[in-house]
Amino acid sequence: MNEMIDWLLLLGLGAVAITSLMSQSIFRAVVFFILLGLLLSLVWIRLDAPDIALAEAVIGAGITGILLLDTLGQLKKTGKLTTEPSPSRARLGLALLASLTLVGLLIWAVLHQPQPAIALHQQVADALPESGVDHPITAVLLNFRSYDTLLEIGVLVLAVLVGLTLQSKDAPPDSLPGLPNPLLHACLTLLIPAMLLTAAYLLWAGADRPGGAFQAGAMLAAAFILLHLSGTRLSPRRSEFLMKAGLVMGFGVFLAVAVSTLIGGRPFLTYPDGSAGMLILLIELALTLSIGLILLSLFTVAHTPAQLPGKRRQDEQ
Amino acid sequence: MSLLEWLQGGLLISGALMFLVGSIGLVRFPDTFTRIHALTKADNLGLGLIVLGLIPASFSLSITLKLLLIWLLVMLASALSGHLVAWEARAQQVPLRQPGETENPEGTHE
């Protein structure tokens, strides 16, 4: 029975991916891409990886889907949406060859998997009591391999800073009017508190269950974007300084905790004995807020058109 | 199989059938408004039946409350999104259609 579900998921994934790629209408392609994200999160659940499933559902299907749909709406509004002629046979063949080679290599890699020399999951399980949290994924992300997580959040901050830099100064404050729909606003007063509560729950649950800062931050971002779409502005223009402080806060707190241990003569990015759990919670709290604001900013930046290169040159002269 | 399991099976299967009916309606119905009707009504009822079928599987209070909360939130969200789609469709003056009428080449449902 379970195997049948797996095969159905696999076939569905393939069918949805091909439909998304081959679709003539871009809107249909985007919808099928979102569907692909949802199916993929089901696959992660079947692989016993609920953490990745949560992240895939919220970020892969949710936020990316919103960004794609938003871009599509923007393109339609500005009339830049053109359907390209279908690529030539040679290009298609080349792409097919490349992807088939990759698939072949991946299958080969799975079949010839070497026996792991070190039992990593065993090491994680042994060190778990000292990590400050009870969930192995959170322990790896924020304690054993926290260096990777620090760099990840650094990349996110960098991305949003680049986005903000590309924003033109004289762009209109917001090119997106809120929806004046009374039912929407009535429902938001119910939905927004529920979303904030869910974000807090996800953050708290990360200590001993699937969850954590990234999932909670993405949920927070979804609440922010919903507010933004309905006309309530949280945009950088209203309180630019606060917004920028919020964007870098997660990275800043993480870095501060990482460096502060150097004062006590301990190596970079280690936690003092006994206070690891507290510090991880502090970092995750800051990360959640920052990730929420970063994803919101990535969304709002898209609404203020970047300066055209030609125009900028004129300004410099 | 006990009586409870039969009941569960019945609820789950009828829930899945509701989803199937809703999907068929989405594909077959002629215009935006009837499609919203098919989608939201069938989904709310289908999900409700599936939630009811899943509750006896655990009999844990926290899981039961979580399942009911999911149902409630999905109902709220689908009612809201259905309303918004209909509202926007009216604003764009999407035409009503009778079954069998051909769609215009642009395809307003996209």
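In case you wondered, yes, glycine gets a Cβ from its N, Cα and C as well.
Features as listed in TrEMBL:
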DOMAIN    A:13-76  domain 'MrpA C-terminal/MbhD'
DOMAIN    A:185-291  domain 'Na+/H+ antiporter MnhB subunit-related protein'
TRANSMEM  A:6-22  transmembrane segment
TRANSMEM  A:29-47  transmembrane segment
TRANSMEM  A:53-72  transmembrane segment
TRANSMEM  A:92-111  transmembrane segment
TRANSMEM  A:149-166  transmembrane segment
TRANSMEM  A:187-206  transmembrane segment
TRANSMEM  A:212-229  transmembrane segment
TRANSMEM  A:241-264  transmembrane segment
TRANSMEM  A:276-302  transmembrane segment
Excluding the flanking five residues on each side, which residues at least 6 beyond the ends of the transmembrane segment (A:29-47) place their CB within less than 8 Å of a CB in that stretch? 2, 5-6, 9-10, 12-13, 16-17, 19-21, 23, 53-54, 56-57, 60-62, 64-65, 68-69, 72
Candidate ranges A:6-22, A:53-72, A:149-166, A:241-264, A:276-302 - greatest C-beta contact count to the transmembrane segment (A:212-229) (under 8 angstroms): A:276-302
Apart from its near flanks, which chain residues at least 6 from the ends of the transmembrane segment (A:149-166) lie with a Cβ under 8 angstroms of it? 141-142, 236, 247-248, 250-251, 254-255, 258, 269, 287, 290-291, 294, 297-298, 301, 306-307
Per-region confidence, the domain 'MrpA C-terminal/MbhD' (A:13-76) (mean pLDDT, whole number): 88
